[in-house]
Amino acid sequence: MISQIDKTELLERFLHYVSFHTQSKPHAKHSPSSVGQMKLAMQLQKELIQLGLENVEVSKYAVVTAFLPANDPNLTKTIGLVAHLDTSPQCSGKNVRPEVIEEYRGGDIALGIGEEFISPVYYSFMQKLVGQTLIVTDGTTLLGADNKAGIAEIMTALSILQKENIPHCNIRVAFTPDEEIGLGIHYFPMEKFSCDWAYTIDGGEVGELEYENFNAATAKVRFFGRNIHTGYAKGKMLNALTLACEFQQVFPVDEVPEKTDGKVGFYHLEDFSGDIEQVELTYLIRDFDEQNFAQRKAFIKNQVEKFNAKKGLKKPIELEIQDSYQNMYDVVKNVPQSIELADRAMKAVGIKPNHKPIRGGTDGAFLASKGLACPNIFTGGYNFHSKHELVSLQGMENTVQVIIEMLKCKDL
């Protein structure tokens, strides 16, 4: 049996990790994209060594890897645990000032001294958290539970395994940079992470077990115009901004993130930048089904061709499509033990597993593309990438319990 988890230690770890400014930079060409990620990587290296792990290394790309050999000769499996160092560039992660709400009583929570607040009127899940200890923001930054809650949970689980000498299988640990911008995982040293399967600890609500994700691509559409003084523009000016606005109208209005859920894909206009002479539109293309995904990419190509033919532009619009990641299910389905073990571990600690698709991606999607099954486990966090982000300390404790239970590798 696992003795009572020291919530104070778990909380202190988390609060320490979120003090590192590790926000990734979206247009970076090299990893890590921010200095703080390397600083956190070095801190974790130090702590992993103190915990007695072996082969603890930090690469020049800020990828942390470590190994803890099994302490029971009958437990021969090797399981990996993965979390990421960076926070989202969509909301400031600098000078995070967490606030701890003990025994949340329900109702609205004021964030800091400003006008920001979170309310169960908008976030119905808060009703489930009454009586729990919540860590929230001060309303000026994100919290960083994505994914520093996962890091704290992995480190706490390792600490308990070592202190209590709990029988466990071989364990590989990795902390990766720049997950939020899809960059750092490309520098992942697969040769130092050989395992039977792995788990990212990067999910949300307690019970979440995810092993299907979007196929993802990014499309960039460029428009070229011709500027001239507006007083003499008739018959001469070509406004790239106007062209871009017209092109945007060809997309299905209901196939967008704010109108879809479950396994329904979408197009998402993520960025619109430029001026009269040149504009670039950036679209996210997402779908769970591989055939539908291909059709979505073909749709954009066809619309670009039609637009060019219709307008007869001297300099036609340009299209660039880059695949980002693929649905991990094609790999995970061949390693059903990875799902069965997580299911069993959750049930063993009194948690009902909630199998759900990820409407996004994780480092596990990339690892799956390399042949390594890597489902995603909950962290106890909510409202990621926003000033309304929060995490439940009891939810984090649940994650630690599940990690330890999985690493016992019972009945495998």
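Each Cβ is built from the backbone N, Cα and C atoms, and glycine gets one as well.
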Q. Considering the Zn(2+) 1 binding residues His84, Asp202 given in Swiss-Prot, which of Asp138, Asp146, Asp261, Asp271 is annotated for that site as well?
A. Asp146
Q) Per Swiss-Prot, which one of Glu115, Glu116, Glu180 shares the Zn(2+) 2 site with Asp146, His385? A) Glu180
Q) Reduced to three states, what secondary structure does DSSP give Asp86 (active site)? A) coil
**Q.** Distant-in-sequence Cβ neighbours of Asp202 (Zn(2+) 1 binding site), under 8 Å, six or more positions away
**A.** Val82, Ala83, His84, Asp146, Asn147, Gly150, Glu179, Thr362, Asp363, Gly364, Asn376, Ile377, Thr379
